Amino acid sequence: MKVTKVGGISHKKYTSEGRLVKSESEENRTDERLSALLNMRLDMYIKNPSSTETKENQKRIGKLKKFFSNKMVYLKDNTLSLKNGKKENIDREYSETDILESDVRDKKNFAVLKKIYLNENVNSEELEVFRNDIKKKLNKINSLKYSFEKNKANYQKINENNIEKVEGKSKRNIIYDYYRESAKRDAYVSNVKEAFDKLYKEEDIAKLVLEIENLTKLEKYKIREFYHEIIGRKNDKENFAKIIYEEIQNVNNMKELIEKVPDMSELKKSQVFYKYYLDKEELNDKNIKYAFCHFVEIEMSQLLKNYVYKRLSNISNDKIKRIFEYQNLKKLIENKLLNKLDTYVRNCGKYNYYLQDGEIATSDFIARNRQNEAFLRNIIGVSSVAYFSLRNILETENENDITGRMRGKTVKNNKGEEKYVSGEVDKIYNENKKNEVKENLKMFYSYDFNMDNKNEIEDFFANIDEAISSIRHGIVHFNLELEGKDIFAFKNIAPSEISKKMFQNEINEKKLKLKIFRQLNSANVFRYLEKYKILNYLKRTRFEFVNKNIPFVPSFTKLYSRIDDLKNSLGIYWKTPKTNDDNKTKEIIDAQIYLLKNIYYGEFLNYFMSNNGNFFEISKEIIELNKNDKRNLKTGFYKLQKFEDIQEKIPKEYLANIQSLYMINAGNQDEEEKDTYIDFIQKIFLKGFMTYLANNGRLSLIYIGSDEETNTSLAEKKQEFDKFLKKYEQNNNIKIPYEINEFLREIKLGNILKYTERLNMFYLILKLLNHKELTNLKGSLEKYQSANKEEAFSDQLELINLLNLDNNRVTEDFELEADEIGKFLDFNGNKVKDNKELKKFDTNKIYFDGENIIKHRAFYNIKKYGMLNLLEKIADKAGYKISIEELKKYSNKKNEIEKNHKMQENLHRKYARPRKDEKFTDEDYESYKQAIENIEEYTHLKNKVEFNELNLLQGLLLRILHRLVGYTSIWERDLRFRLKGEFPENQYIEEIFNFENKKNVKYKGGQIVEKYIKFYKELHQNDEVKINKYSSANIKVLKQEKKDLYIRNYIAHFNYIPHAEISLLEVLENLRKLLSYDRKLKNAVMKSVVDILKEYGFVATFKIGADKKIGIQTLESEKIVHLKNLKKKKLMTDRNSEELCKLVKIMFEYKMEEKKSEN
């Protein structure tokens, strides 16, 4: 679904349904705005000023454009009339020479436009020249009105003999309904093949391909003509069509018509049957065949349209040959039509669940369900990351799904004997892993766990398990009853004592104030701002965590980065922090950003976005500045003119309108035009913010850093404050020094979250997520809020904001051993095993300072969220190791990097903003090239040495696995809908998908896959071949190879980790096969992987062989283009190193070596 506008009316466009639906917010204004479509502005007939060469003509045509933008032709009672727009008429001098024939897009309109311009009377007959354009608009309006009235899908729920079922009511659906049962599938396919053979001979298709190969852009009509000859359309002349139509009036069935008109082509027979007889004759296996030529030809025409008539430049002749090879073409069309039949059956099942008797599936109804499903699938990453983190904390070797297995339980065997089965928590104690698990828990929850209290620990792990399972069973296992807003309800889960203490401590007022104090210290505020100024800032600032979900509000960091460039044009007073020491300058900027950011997101947005703010005053000022720019005054044309007529009176609605315009036009405009929207909004907020600071006496923050010399009392306190904060983390009972308390007393907080059990469980989940997943979750919840216009997830978003105060901070006291780092180090051909070897290896003190291991953030993340052993195996296979030489090179390059950054910065300024008499020379070009090459080399080396590349690899792998889990959820949903659609009378289908087997009547054992296999065997009990597909021997092989239904379990239960029994490429192959019932879904798998790779800076091409095996054709780094508009050879650097590209390629190919059988 996407939002669009047609003639100024907001719609939701459902591309799969092909219809436009009124947006709810527009319902009351639709008729009025539809009528407004008939008002046609005449400036559309005047050429753009920029299309002329001379400045005089640009200015003259600009004035014409402006004049005619206020003149409209409208239709009333079938008569055309002229009227003025809303703008006031301005007295002006005019002359016949002001408007020339060359200024008008179409010469036939020139005479009447000239009369209008010269203020001469124009009658309705003269206005008839615009009739055709008005007619086109009228057709558009009628189409829209029909769309609104037809605002429904062709499905209705009925009750037939006490069996609730859904049927399609369109003509196509009548055909599909005839073949609803899978037993008729073979006959359906046979009819498709037969129709294809009737329409197309192999030699004709071969000739068609030759014609396409020799095609030029201007000769596409020849392909159409040749194709029409193939299907016999040229023989159906107009008089022949009249003969057929006359006969149809007197003939009641297709057979009789063919007898009377025997010369009809196969296609014409099919089209006539579909149009005139399909819903009149009683369908049987014989007459229904008539419909299939029509179906096949539609698919063929669509292929020609996509690959020939509207052929894209990236479609090669080889691809055309493959697609249109006779047997391939036949199979492709067969699959497409089979997919459509399957989709119909699934839709019948879907609407059976959601509709009441007699109810029709409307487009709005469909959209709501799609939106809910899409939102829930976006949350899959939450459950999968949390699940991986749980496994990592437990250090479990269990390859099976561990949810529901925290506690041990007593079970009975076949003989009735009781046996205790250990839970995952039991294993911590049985395998003596208490210390390791305690350290792992501390990395996530920063809490001092008492591992000697086993019951308390078991309750805590059970809480985490229940919270994860609650989400997984709602999403991964597709819960029909679950609404998006209830995904984090965590019903019937009581927080354990540890959970309560931990969460209550997190939302404690004193702890929150200390977090803010830590941020002030980290941002170097105490070093660069005098004490009395800090205290004054704190007195005037309120720190809030409430989420401000406002569309199109620019981030503060984006605005800050543009202040220097925009300060003159916007009339802003600004002093950029600058010292002789680059590090010091950066620290001052960090402090300034932190202090200003709190004001921006707090009191400023509260004021600016309110009805009492000056939002509209500032926005008008920005438009006026653009309008009065010297260059625009000459032409009379200015970019921001398009925003002048926006009528919304509330800032939030104004922004939503601009965001809508941006999204609608994004695909049809060049980058410069798209940037206009973002640039306009950024200027409004930047000007508004700086005005707010000036009006509220807070501009003094501009001068931060200038009083450093007088701030001796706090300048050197950073480390002292850090030490205290670390001690306080370990013991909250220690006394807070007066010096810190003085600041804490002045920190004011907004409303603090109140404790609820639901938020307590949500908190446990959040602490298991990495920073990226937490950001994605926040975005998903904000989008849900916006789409549903409700306050759902407000508390959850506030909690995320609260945790973001320090969620991505590295805990310094996490355990890190030399042999863990040593897995990726090359010490004379071996891995480093202990501190002694690490000291010898690392003479540059990058990993070891002589006494202690230096802890890099990336390795902290790898240990906390990662797959250390799997990463080691992938790195070993890729030959990826850090050498002593690389450490030395890194240390040397580190000393030179500031010089290279400075060189790039200065030369880029010279290129982008040259001073008077300054020119970017060839020598500058070469120096810039050398600087960016040095920076690239250093950056890649740094990312390797500091383990950033391994951390990226882990994040990439995890992201791909999350996405694949989403596909298994869709498969489960589709299976459920297909079975319900095909067998609406079967009352036991729901038991296949019910997890509480003890409540089931028929399917009492096993998970979804096992229960479905039982159903499958019952369905095909008389077909030995199909039953044998899931024999015990075959199931054993399928499980081992993770094929067929068992790839679903392998992905959904996250069994790829830790051992990678099959490669990621094989996972993709097997998943595509599982999804082969839907071509779009199957093809989407690889597209989503390519998109994820692109997000991480890789450009990949996969190849799929005739045997359906997937391989990597190319995998390269994304290129970063520098000095884009310079008329020289493009300067490009690689975002990722070649070594990392190789590592990613190996990641896709890696799988655990098979154990050799012992003989």
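Along the chain as shown, residues are numbered 1 onward.
Quick reminder: no glycine exception, Cβ is built from N, Cα and C everywhere.
The annotation region 'Binds crRNA repeat and spacer' is assigned in Swiss-Prot to 1-11 on the grounds of experimental evidence. For Arg41, Lys86, Gln659, Gln904, Arg1135, the entry in Swiss-Prot reads site 'Binds target RNA'. Per Swiss-Prot, the feature site 'Binds 3' nucleotide of the target RNA PFS' maps to Lys47. Positions annotated as region 'Binds crRNA repeat' by Swiss-Prot, on the basis of experimental evidence: 139-151, 780-783 (among others). The annotation site 'Binds crRNA repeat' is assigned in Swiss-Prot to Tyr245, Arg377 on the grounds of experimental evidence. Sequence annotations record features per position, and here Swiss-Prot assigns region 'Binds crRNA processing site' to 319-328, 1104-1108 (among others) based on experimental evidence. Feature annotation from Swiss-Prot assigns site 'Binds 3'-end of target RNA, in adjacent protein' to His473; the stated evidence is experimental evidence. Look at Swiss-Prot and you will find 509-751 tagged as region 'Helical-2'. The annotation region 'Binds target RNA' is assigned in Swiss-Prot to 590-597 (among others). Annotated site 'Binds crRNA spacer' per Swiss-Prot: Tyr601, His771, His901, in sequence order. Per Swiss-Prot, region 'Binds crRNA spacer' is recorded for 718-722, 938-942 (among others), and the stated evidence type is experimental evidence. The region 'Binds crRNA spacer and target RNA' annotation in Swiss-Prot covers 804-810. Residues annotated as region 'Linker' in Swiss-Prot: 814-946. If you look up Swiss-Prot, you'll see 880-946 marked as coiled coil, on the strength of sequence analysis. Residues or ranges marked as region 'HEPN-like fold 2' by Swiss-Prot on the basis of a curator's inference: 947-1159.
Features as recorded by Swiss-Prot, highlighted on the structure.
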residue: Arg41; record: site 'Binds target RNA'; DSSP (3 states): strand
residue: Lys47; record: site 'Binds 3' nucleotide of the target RNA PFS'; DSSP (3 states): coil
residue: Tyr245; record: site 'Binds crRNA repeat'; DSSP (3 states): helix
residue: Arg377; record: site 'Binds crRNA repeat'; DSSP (3 states): helix
residue: His473; record: site 'Binds 3'-end of target RNA, in adjacent protein'; DSSP (3 states): helix
residue: Tyr601; record: site 'Binds crRNA spacer'; DSSP (3 states): helix
residue: Gln659; record: site 'Binds target RNA'; DSSP (3 states): helix
residue: His771; record: site 'Binds crRNA spacer'; DSSP (3 states): helix
residue: Gln904; record: site 'Binds target RNA'; DSSP (3 states): helix
residue: Arg1135; record: site 'Binds target RNA'; DSSP (3 states): coil
Helix, strand and coil counts within the region 'Binds crRNA spacer' (938-942) (DSSP): 5 helix, 0 strand, 0 coil
Outside the region 'Binds crRNA spacer' (718-722), six or more residues from its ends: residues with CB under 8 Å to it: 517, 521, 524, 526-527, 740
Of the recorded sites listed as Lys47, Gln659, His771, Arg1135, the one whose CA lies nearest the CA of Arg377 (site 'Binds crRNA repeat'): His771
Tally of DSSP helical, extended and coil residues in the region 'Binds crRNA repeat' (780-783): 4 helix, 0 strand, 0 coil
Rounded inter-Cα distance in Å - Gln659 (site 'Binds target RNA'), Tyr601 (site 'Binds crRNA spacer'): 20
Neighbour tally for Tyr601 (site 'Binds crRNA spacer'), based on other Cβ positions within 10 Å of its Cβ: 18
Surrounding CB atoms that lie within 10 Å of the CB of Gln659 (site 'Binds target RNA'), all protein chains: 17
Interface-richest range of 509-751, 780-783, 1104-1108 toward the region 'Linker' (814-946), CB pairs under 8 Å: 509-751
Inter-residue C-alpha distance, Arg1135 (site 'Binds target RNA') and His901 (site 'Binds crRNA spacer') (nearest angstrom): 16
Separation of alpha carbons, Tyr601 (site 'Binds crRNA spacer') and Lys47 (site 'Binds 3' nucleotide of the target RNA PFS') (Å): 44
The region 'Linker' (814-946) - residue tally per DSSP class, helix then strand then coil: 85 helix, 8 strand, 40 coil
Same-chain residues near the region 'Binds target RNA' (590-597), Cβ under 8 Å, at least 6 residues beyond its ends: 519-520, 523-525, 527-529, 537, 556-557, 560, 577, 693, 701-702, 704-705
